[in-house]
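One structure is given below, encoded as structure tokens.
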């Protein structure tokens, strides 16, 4: 028997029981933990204990309640291969470097929006970690951003500036960035004075909100090499895996595009979802320094994915959602639900059959509603600028709020990727994003009667991409649906715009219903994924809210979205639960997007109001009757905003003018000069550069106003890329432009929106044959004004340019108030030079750019007492550059701003004589 055990690798344990306590005593060791405040605490542990015991000691020492964000990092590991203490593994197998040992308490998972953290202590620890990372150079940032960050750190530590205590040089012993100098500290001291009144927690929140806009926020970097042995960094972020060369992101692989990650010896593999018309799996490979670092990277990827996927789910929804996600992990405890997880040797598997993939030719990103502050040294700090949202507590009684929470914290990182040379191994992939399925599982009758009273409004009933967002409905409500079904492009959210017609028959209508006093909506449903049939309205109770709303809900209408939620994969009972949950929201409204197969006969339409809703007279307006005066056009605009018809008209308008080619933009040598692959200039209106390379993604947009004998000229262009800055300044030089208007920050929530094509004052930056010097920089609460000197190094000629950067546009959607924007437009008008184009850009050069052109054109017309038709303005713009004014929310914003300018007299009328 003994020999048999030895043959199998076993051995007989003859250890006496009396020896066990002595063994345990000898295994006690000392571990030191360095916390984020710099203090070191020693703990006595047993080597046989699991890592969780030491983690619990660290958590208990600080009194941390949100423990999931933090971990213990090994202190002796290289910077480019961080290793974390595993909770489920014995300490003796992890701490092999001898005792006593030192570990570092650190934030491991940085969520996209730290404002949603529940505990102030957690936010304080985030602040300490970010401050340390900036100070030690792990989190790089521009000098101007570093000044602002340091000023908030000073406010947190010293409190309000006091001239009697804080004498010049009081920060001499403070360290904020690796290579700071006296000039840097003097700027910090100056800015500290502006933060008077901010509490410590508020200053720290401001610090976090700026830090989270930096490119490397929340990115865990691992060193590696490509297949040609060239150095690169692999970063693990909340939404996927990024590849950096010389600290520039060259590729990004979202989790939704990754089927499996694996490793073999020193090679790390990313298995991507197949593209359309591809029969083979697409695999990207990297070389790591050694087997340990390769396994370490793989493990960290698995744990990051598991953590951030779980954070997207409400606790009540995890069990249901696990049906749609199949995740494999070496540690099943890390995944959402153990029974639905596969264990895969050396890899993580997603089951593509269990999820509905969107178009693989698209990349979507979502931004948070909070604003990204600009990176300028004179940025003001008052609370009104930093709209720090209160953390929301998850509650099953308020499903609507939880749905918003999930949407807002969902993040997909995006950085422009130009085509790499053939020697680069991490090739660009097409990327997509599938919404996760959210549901509550409760027992409800197979058919339920639901009712409601009051009003609703119509939504776009067209096949054009995009959506109508009437007042009171979340702006993401229809936009997300059209992005899912039609590939609709949103400037702040997508790399592609795909103009696809809807696959289904009929047209879409948005219906809003408010329940009656008893909480009933008044209609029955049949169908669901469990019944293997679409969800259809089977019965409408007479005189119920569903029957009296306009447009009314009809029997046979197919339910597509409920409060912005795609219900195509949900059971009947789950859908009923979603509808009931809407009664608990603040507005109590139920917003349904339904597909209606055919328009009812006129005999079925009971009122003229309903007829005008379904067939608005101004669906294809020319010059509406009574609208040939300014007053008449403003009255029509006001009524259109109230009824929602202006948004329907906007959705009916073509996004690209039929028949206009974009062939030059698609030439092979020009492809990498386009930030977005479907936002391209028409051949007929594109700006031609002087010289051999004549292409830039820019269009001439001339807004002619014959009745005013006026033409406003623009050059609308995308935000420059690192490889197009020289062409950008070539346009400025060729056209002798004196005004450049920028409508975005450089990054919004860590995503690059525009490359910085100008230097910080008073530095000089070279782009091609041009020297650019920023001579002055003046910051206000809404915009930054710069004076730049452009010098042609070949001729020695100089040209002065005014650069205006609007920084108050929120990361998501549109501004809540138009005051700042209107002041900015008025300032732009004051700097215009007669007959000279103004160069305007945002990120794609169509959304916010179109809003500004529309607003300035409308102001000119109001000033001259001429009628204003916003849709005609948009049509004229789209005849010259596709997709100008990009979303319904942008169009609604500019229409409301135009009406406000008229009603409040914000523009001085010119004397008709």
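Positions of Cβ are set from backbone N, Cα and C atoms, glycine also.
As stated in Swiss-Prot, the feature region 'Disordered' covers range 364-400 out of the listed 253-289, 290-326, 327-363, 364-400. Looking at 132-188, 189-245, 417-473, 474-530, the range annotated in Swiss-Prot as region 'Disordered' turns out to be 417-473. Put simply, residue 886 (substrate binding site) is 12 Å from residue 842 (active site, phosphocysteine intermediate) when counted between their Cα atoms. The 10 Å shell around the Cβ of residue 845 (substrate binding site) contains 28 further Cβ atoms across the protein chains shown. Neighbours of residue 847 (substrate binding site), defined as other CB atoms within 10 A of its CB across all chains, total 26. Taking H, G and I as helix, E and B as strand and the rest as coil, DSSP gives the domain 'PDZ' (510-582) the counts 18 helix, 27 strand, 28 coil.
Taken residue by residue with DSSP, residue 847 (substrate binding site) is part of a helix.
Every protein chain considered, the tally of other Cβ atoms within 10 Å of the Cβ of residue 843 (substrate binding site) stands at 24.
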